[in-house]
Ligand code: AMP
């Protein structure tokens with residue numbers, strides 16, 4: 001498929017606001033994508049690799065502006081691109097407005113007209129940018145990007161720039177892709193959804209649906225080494241759990257970071273909740289798995305930092321492990337970590353997603369007796385309250401209540417896992433802006449604009465300026481500065497990258513913020529390094545909490 005065709009379809013999809021029509025347009029696009037179906041299914045969501053693959057393009061805004069400016073000719077600088085972005089607010093519109101290809105002569109052959117860009121070529125080229133590393137790779141990336149922009153027509157440039165910066169924003173999320181695959185290739189939504197959960201790869205699912213129909217979709221299996229999304233929890237009470245399920249399976253809720261363990265029988269690989277490979281940061285977990293398991297397996301659990309007596313340390317401590325990537329040995333001496341495994345998705349060739357929780361837990365215990373969490377099944381609220389007090393007194397975060405009969409549903413925040421924490425008045429929000437501080441904090445950001453996730457972007461719910469120590473302000477500044485998109489006066493526009501946990505007293509309706517809500521007394525609790533903007537709390541959740 002020509003990239004121009006893809007761009008024209010993307011523009012039509014972006015211009016359509018009705019959900020059903022959007023699904024129809026995406027389904028038509030999938031139907032016409034031919035060999036490029038996999039790439040197209042990813043591109044509409046702004047992805048260049050499957051969701052299970054943590055390869056990053058690693059092109060910051062500045063590099064993209066530089067490549068655009070170069071393709072726009074001698075009279076345009078990266079600063080001009082940035083200024084235009086501040087004025088129009090969106091990189092696609094900026095790229096579309098530039099007169100690109102001023103230096104086409106440098107790239108072109110024959111009659112001076114370059115071949116049209118194709119989807120396959122854009123995909124190949126962006127992947128080559130993603131894998132470029134080592135000395136000189138920044139120049140290579142800039143040159144390669146320039147080569148693409150230099151050949152792009154205005155509409156192509158619009159979607160290319162957005163793809164490069166991971167901001168496709170044509171209103172197509174995973175739900176739309178699921179429905180469009182179902183419509184285009186006449187499969188049931190359930191079958192497509194399940195295949196997406198199991199493979200975490202919309203390209204594979206779209207191709208399978210087209211070529212092998214529902215039978216093919218249901219034959220898709222978990223694969224060791226290909227992480228799936230983590231099953232998620234809602235908040236709830238013991239009474240709710242018992243009323244819904246009769247019995248509740250109770251486990252300690254550990255305050256650490258989620259890991260998914262993939263063991264192929266020889267080497268374990270560990271993935272974070274964002275599906276990044278974190279194997280090298282957690283050697284003791286690797287050792288523990290190698291010591292205990294002798295068959296291929298996929299396990300789910302939490303890694304917690306502990307002091308020398310084994311007492312759990314706050315969540316922030318375990319994060320030090322991930323920050324000190326290059327000095328894991330020193331970090332290991334600094335903070336010890338422990339694995340608490342709570343689920344088992346696959347053992348020795350057998351997928352267990354559809355096996356009830358209690359049975360999965362038995363399989364886990366057989367394979368990893370030392371690290372498997374205790375699970376108590378109870379229908380007595382008092383007994384559950386005792387388990388909660390015990391967990392809290394040992395320094396843990398609280399308890400999890402799980403439906404003993406439930407299957408494992410990757411990526412779902414369903415009703416089958418409930419978290420009971422004493423303090424639930426916090427939200428995980430994305431930082432999308434900041435304001436410079438005043439007085440002795442004048443060279444640091446002092447106030448942070450925090451946003452909830454919406455279907456196609458982020459909308460602010462408040463500004464956070466309290467609860468932050470001077471030391472933390474410096475850390476936050478360093479963390480956010482690389483993500484600055486533009487500045488106007490004292491206000492700074494920041495690309496969504498960092499998630500804050502924000503405490504608050506109340507949610508109010510508000511015309512001031514784009515979300516329509518405002519948090520009363522928002523205060524900074526911490527950075528959620530384990531979450532990406534896609535995991536932040538949604539506008540829908542905010543609405544529910546409000547009502
Ligand atoms: P939250 O991050 O507040 O949404 O709480 C859900 C998280 O608690 C999960 O994603 C896990 O990282 C963590 N967790 C700790 N202990 C457990 C457990 N026993 N079962 C499931 N999740 C747990």
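Glycine is no exception: its Cβ is also placed from the backbone N, Cα and C atoms.
These figures come from a predicted structure and were not determined experimentally.
Annotated in TrEMBL:
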type     : residues                          : note
BINDING  : 251, 258, 273, 302, 342, 413, 419 : ATP binding site
ACT_SITE : 253                               : active site, N6-AMP-lysine intermediate
DOMAIN   : 330-454                           : domain 'ATP-dependent DNA ligase family profile'
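Overlay of TrEMBL annotations on the structure.
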{"residue": "251", "record": "ATP binding site", "contacts (Cβ under 8 Å, 6+ apart)": "342, 373, 374, 375, 376, 399, 400, 402"}
{"residue": "258", "record": "ATP binding site", "contacts (Cβ under 8 Å, 6+ apart)": "230, 272, 273, 300, 301, 302, 303, 530"}
{"residue": "413", "record": "ATP binding site", "contacts (Cβ under 8 Å, 6+ apart)": "232, 233, 234"}
{"residue": "419", "record": "ATP binding site", "contacts (Cβ under 8 Å, 6+ apart)": "233, 234, 235, 236, 253, 398, 400, 401"}
Open item on the list: As a quick check of your reading of DSSP, tell me how many residues in the domain 'ATP-dependent DNA ligase family profile' (330-454) are helical, how many are strand and how many are coil.
Closed with: 32 helix, 52 strand, 41 coil
Open item on the list: If you count other C-beta atoms within 10 angstroms, which of the recorded positions 253, 273 is the most crowded?
Closed with: 253
Open item on the list: As a test of reading the model: what is the averaged pLDDT for the domain 'ATP-dependent DNA ligase family profile' (330-454)?
Closed with: 91
Task: All-chain count of other Cβ atoms within 10 Å of residue 342 (ATP binding site) - done: 25
Task: residue 302 (ATP binding site) CB neighbourhood, other CB atoms within 10 A - done: 25
Open item on the list: According to DSSP, collapsed to three classes, what secondary structure does residue 302 (ATP binding site) have?
Closed with: strand
